[in-house]
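According to Swiss-Prot, the features are:
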COMPBIAS  346-355  compositional bias 'Polar residues'
COMPBIAS  379-388  compositional bias 'Polar residues'
DISULFID  Cys504-Cys517  disulfide bond
DISULFID  Cys528-Cys539  disulfide bond
DOMAIN    544-774  domain 'Nidogen G2 beta-barrel'
CARBOHYD  Asn674  N-linked glycosylation site
CARBOHYD  Asn719  N-linked glycosylation site
DISULFID  Cys786-Cys802  disulfide bond
DISULFID  Cys804-Cys815  disulfide bond
DISULFID  Cys845-Cys858  disulfide bond
DISULFID  Cys875-Cys893  disulfide bond
DISULFID  Cys917-Cys932  disulfide bond
DISULFID  Cys961-Cys984  disulfide bond
DISULFID  Cys995-Cys1002  disulfide bond
DISULFID  Cys1004-Cys1026  disulfide bond
DISULFID  Cys1040-Cys1064  disulfide bond
DISULFID  Cys1084-Cys1105  disulfide bond
REPEAT    1262-1306  repeat 'LDL-receptor class B 3'
Amino acid sequence: MSWDPTAGRLAPPSPLSLLLVLVLLSRVGALRPEELFPYGESWGDRLLPEGDDESSAAVKLAVPLRFYDAQFSNLYVGTNGIISTQDFPRETQYVDDDFPTDFPAIAPFLADIDTSHSRGRILYREDTSQAVLSLAARYVRTGFPLTGSSFTPTHAFLATWEHVGAYEEVRRGAAPSGELNTFQAVLASDESDTYALFLYPANGLQFFGTRPKESYNVQLQLPARVGFCRGEADDLKREALYFSLTNTEQSVKNLYQLSNLGIPGAWAFHIGSRLALDNVRPATVGGDHSTARSSALEHSFNHAAALESYTEDSFDYYNENEEDVEYPPIEPGEALEGHSRIDVSFNSEVNPTSPDSDHASPLPHPAPGNWPSYRETESASLDPQTKQGPPVGEVEVLDFKDPAELLDQTGTRTPAPPGADAAFLTPGREDLGNRDTQSYPEARPVPSEPDVPVAPLEREILPNYPESGHVPPLSGGRYVVGLEDHVSSKDQVFTYNGANRETCEHSHGQCSRHAFCTDYTTGFCCHCQSRFYGNGRHCVPEGAPHRVNGKVSGHLQVGHMPVHFTDVDLHAYIVSNDGRAYTAISQIPQPAAQALLPVLPIGGLFGWLFALEKPGSENGFSLTGATFVHDVEVTFHPGEERVRITQTAEGLDPENYLSLNTNIEGQVPFIPANFTAHIAPYQEFYHHRDSVVTSSSSRSFSLISGSINQTRSYRIDQNITYKACSHAPRHLAVPATQQLTVDRAFALYSEEEGVLRFAVTNQIGPVEVDSAPTAVNPCYDGSHTCDTTARCHPGTGVDYTCECTPGFQGDGRSCVDVNECATGFHRCGPNSVCVNLVGSYRCECRSGYEFADDRHTCVLIAPPPNPCLDGSHTCAPEGQARCIHHGGSSFSCACLPGFVGTGHQCSDVDECAENRCHGAAICYNTPGSFSCRCQPGYHGDGFHCASDTVPEDSISGLKPCEYQQRYAQAQHAHAGSRIHIPQCDDQGNFVPLQCHGSTGFCWCVDQNGHEVPGTQTPPGSTPPHCGPPPEPTQRPRTVCERWRESLLEHYGGTPRDDQYVPQCDDLGHFIPLQCHGKSDFCWCVDKDGRELPGTRSQPGTMPACIPTVAPPVVRPTPRPDVTPPAVGTFLLYAQGQQIGHLPLNGSRLQKDAARTLLSLHGSIVVGIDYDCRERMVYWTDVAGRTISRASLEAGAEPETIITSGLISPEGLAIDHFRRTMYWTDSGLDKIERAGLDGSERKVLFHTDLVNPRAITVDPIRGNLYWTDWNREAPKIETSSLDGENRRILINKDIGLPNGLTFDPFSKLLCWADAGTKKLECTLPDGTGRRVIQNHLNYPFSVVSYADHFYHTDWRRDGVISVSKDSGQLTDEYLPEQRSHLYGITAVYPYCPTGRK
């Protein structure tokens, strides 16, 4: 059978149903191209237009599709290997970025793809044919044998990228690459669930990443991103909920070599559900509980790590531990909490299913006899053909997990249970070559497969857990049967009486997050995961250093001198991989410290707790965990002085440090200050019984001073009590007696520092008998060379390997901390913050949230009643006033615009009585508003009316220039008019050089009076020469380009990831945002490439850099005069070289009426505000370093009012009462003010400013507010309008406050923060702070009007509206010209009421 993708049909005579058989035949061969789902135009596929960044029209789905926990009715297909539930932004905003994206994304191969010039095609359709749905169902049931066993899709959506190529820069003489990719995505859904299939046929991936367009000549390639993202932006960029499958080129290469379905190249995922779905869940072949593996996972799965590890040349895999750090055991397919990169590993080549499984996979797997056995080591070369039998008396535990995981985690052997024989093993299993080898099912819960009934155990006994003393956990309702437990058997089915018994289901929260919970017949126990140790309730990483903090108090009789001290500090540091323990106690009085020198048990406790373990032994922490009581009684000889030491451990603090308090009471012999104590190496025997450890021994020590050497001794009796778990089988207990060997004991008191120090090196093992000395493995005596944060793995003889402990990464000889918060390897859930610690991390809930019982999930603290929502407020009716909630039961009332009063009572404002209309207009008052209409014989918007009369002079016989001149002169007679009056020569023709009389701008015109593009000059400069243009010349290289070329030559043409290369734009100017190599460490630069202080950011938040060089002029250019706006309220926004006009209908955006108000070529307009009294718009220009204004009258032209003393003017605010303007200058770090005509200029502030940006004014109350986005200490400040009473208003929980506005009606100060992604408001005094919206993209400026906020956004390059009441994003406007928008302001038809 063959598949003809071009024709879109099967080659006759084979029917489509045979495709199912072909795909699911019993083989492990790679997916072939003809095994893709059928596609082609004959199947109803639509074709995406050719291009580099194309997007399909919305595909309206017949039935909404579930993605994560939401439903969507539309899908969009993009050129760049991606599907979304909403239209895509420009590709530059996502195609070169890592996950998460800012929009919902389903990405089978996200890269910069280009189908221009017929390089491949992209097809898509919705399909309901039975053949396609049946094939999709088979795939899903294969990968999800439990939850997907009854999945019957009703609809499918298919997208196929066929022979598509990567975007390539056009180079002279270079032929396009012949590397083309083919892949397919299928979304299958029913009314409850959605599954995704990603299919990569053999040889279908010929390129594995693409170069960013901004990389210029740097040979940088970004690997394709594969995965899913819900698209919600949280406080930190990398905390949005997402699932990522790839992160390196090698992992992309292996997409068609590995699988989680059993066929290399085929992948399945559960991506949406009506039930709770924490994150995308990958498929698991043979995921039935009866065939799950029999040992706990040592760490979380990681697709990316497994794909990366599976190289084309070797099966060798080195575990870097980044995937191991903080996850508890989970099943394949379980999605972890939080927003982190989900780590799951799969391989298709070896993954058996039980022959008696009810959900046996239809996909083939090698027989268990073909499975290799691996020796436990740091790294192993895996040979699938190797067979290795276990020693006699051992059972080989075959790990029925995904074999790609075997690349990371080696096989494990455990002793066979006493008395176990072949007759008592699970029936139906294949005998592995007549060896004493058996595979056992896992009975742990499968979180990703909820509500699955569990079959009873039939003649089944579980082996010991791979780690001594651990038994695998079970599904709900099943208990582990130990050989010493009492059970009843009937018909070979075990039954139990579980009445009044604590179970893991209700008590799992008592276990450490690094432990699993196991149910036994009498209760539950906690057991630490592999690579951790402890008592299950407290677990710490193996090999990692540990710290102890505590207090020491004492009441001693030193000789005949009483000495007392209280709560002095104790700190201990333990290098656990070689058994060293260091203890320091500060501020103990000198006589007591000197006398306690021989009392080594004070610090010796930590040596026993974290001693090096010899095989078959356990140190103290493995027994006690972090809660115990250590009682010591020391009796000195010959004086019989007796002292008692009590050390109480109180658990682990949030940084995983052991907390311990010590109390010392009794009598100790006096030791003179000039004596030191020497203690020889010694052994102690510790006896274990139930929850008590005891030890008694005698010890001698020497007191030395010069030639004096005195030998004394004491007897030590120790008793350590703790709470052991009594439910586990007793045969799992530690040996009754263990020997602690202490070497290199050391005690010293430093009188200068006031610190008493102890140091010991410890090993614990079985009781030794005298025998001939043998070579000791360095792992047991601490002589290895592993890093202090690495585990030492003993090998044969004196061989060993080193492996970094969880929370660290490296080669084992050198390890560095893993920042789980930055890399995403953490379990902090939504509404929580991850805080990195050395070797670990902790989760903290955000404000307003608290931890749930699992200590990872943060749940909302129930808010107090909101009077504004429940209707219990006392404000005026909704149409007259609005209720403002201030937290708790506090609220205030504010009259709506057009009404006046207390807010509790509001009355209509008669605007007509205030003469708001033009003198030639009629005013009509309405409740809450008014309107103006020009009288007959006049035209205009009512606020300005002009006469309809024609100029008195006859127009007959006038040339165009003369006519326009006469008309302009007539209009100029009206007060306030700034229209240009054309200049004509003696013959009535246009003078080639035209200049505006009031503004000073000059330009050339043609014979029809039309401006010649590009000839306009600003005031004060040399007028243009109105003649033919000069011949073009080649542009010389700029400073940026020369610097870039020099560095690239220095780096040998290919810089490393950590080497800086300047980024230049097409004209050679420095790009305002510069970053260090591939890192997220970025900063802003000026036009000369100099870093702007205070702009350097940490990874996660890019600084908001504003360009200082205007883009080139695009011809033809429009005239620099005002196109009059429509009547009513509208928004004005700055967009680089133009000011845009966006009308409002109420509070809704009238997007179809939006247009350009004023074109200002050669400018970069940033700040903008409006003077409501004279109807003039003001703006700052960072390219021209000026502040200008223009009237909103027809034909009015810009007027520059401040031309000097500016470097980077950004924010601008107008006080229409006092006729004053205020602005920020981030180049000079100043805040200034001046009259609206530029006079009376004054610097208000020039200190304690780093990056001042937004500024706003409350003219009625006389307050000024501004933001400073200094990356080290962002803040919002306020002062009076005269610069008095300056103070910080907000400096907590803000990141990059770009936008600031004061609402004169609600009296609220509000700001938009691009760092925290929040829109927040507060009262003018800084109280009553509340969040309006916490999922913004990248806001720049914000303004308030009526019941909405409007902000410009740099991610969407548009204007976004946000409801004040609900906080929801209600609408957006994206201008046709896609570039960054800066300032925004609202233009009212009247001024807000009030007086100075």
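Placement of Cβ uses the backbone N, Cα and C atoms for every residue, glycine included.
Keep in mind that this is a model prediction, so the values were computed, not measured.
Feature map: annotations from Swiss-Prot on the structure.
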residue : record         : Cβ contacts under 8 Å, 6 or more apart
Cys995  : disulfide bond : Gln983, Phe1001, Cys1002, Trp1003, Pro1023
Cys1004 : disulfide bond : Pro992, Leu993, Gln994, Glu1011, Val1012, Thr1015, Pro1024, Cys1026
Cys1040 : disulfide bond : Pro1062, Cys1064, Gly1068, His1069, Phe1070, Gly1089
Cys1084 : disulfide bond : Pro1072, Leu1073, Gln1074, Glu1091, Leu1092, Thr1095, Pro1103, Cys1105, Ile1106
DSSP three-state assignment (helix, strand or coil) for Cys917 (disulfide bond): coil
Conformational class of Cys1105 (disulfide bond) under the three-state DSSP mapping: coil
Using Cα positions only, nearest of the recorded positions to Cys932 (disulfide bond) (Cys528, Asn674, Cys786, Cys961): Cys961
The repeat 'LDL-receptor class B 3' (1262-1306), counted residue by residue under DSSP: helix, strand, coil: 0 helix, 23 strand, 22 coil
Cys875 (disulfide bond) versus recorded positions Cys517, Asn719, Cys815, Cys858 - nearest by Cα: Cys858
Candidates Cys517, Cys804, Cys1002: member of the disulfide-bonded residues with the richest Cβ shell (10 Å): Cys804
Cα within 10 Å of Cys786 (disulfide bond) - qualifying recorded positions among Cys539, Asn674, Cys815, Cys984: Cys815
Most crowded position, judged by CB atoms within 10 A, among Cys528, Cys1064, Cys1105 as disulfide-bonded residues: Cys528
Close in space, distant in sequence - Cys858 (disulfide bond), Cβ under 8 Å, 6 or more apart: Gly829, Pro830, Asn831, Ser832, Cys843, Cys845, Arg846, Tyr849, Glu850, Phe851, Ala852
Where Cys845 (disulfide bond) falls in three-state DSSP terms: strand
Residue among the disulfide-bonded residues Cys504, Cys539, Cys932, Cys1026 whose Cβ has the most other Cβ atoms within 10 Å: Cys539
Residues that sit under 8 angstroms from Asn674 (N-linked glycosylation site) by C-beta distance, when 6+ apart in the chain: Ser705, Gly706
Spatially closest candidate among Cys528, Asn719, Cys961, the listed recorded positions, to Cys802 (disulfide bond) (Cα to Cα): Cys528
Inter-residue Cα distance where the pair is Cys893 (disulfide bond) and Cys539 (disulfide bond), in Å: 55
Cβ atoms near Cys802 (disulfide bond) (within 10 Å, other residues, all chains): 22
Cα-proximity to Cys528 (disulfide bond), 10 Å cut-off, over recorded positions Asn719, Cys804, Cys815, Cys893, Cys917, Cys984: none
Overall pLDDT for the domain 'Nidogen G2 beta-barrel' (544-774), taken as the rounded mean: 88
Sparsest-packed of the listed disulfide-bonded residues (Cys786, Cys815, Cys845) - C-beta count within 10 angstroms: Cys845
C-alpha spacing of Cys804 (disulfide bond) relative to Cys517 (disulfide bond), in angstrom: 26
Between Asn719 (N-linked glycosylation site) and Cys984 (disulfide bond): CA-CA distance (Å): 111
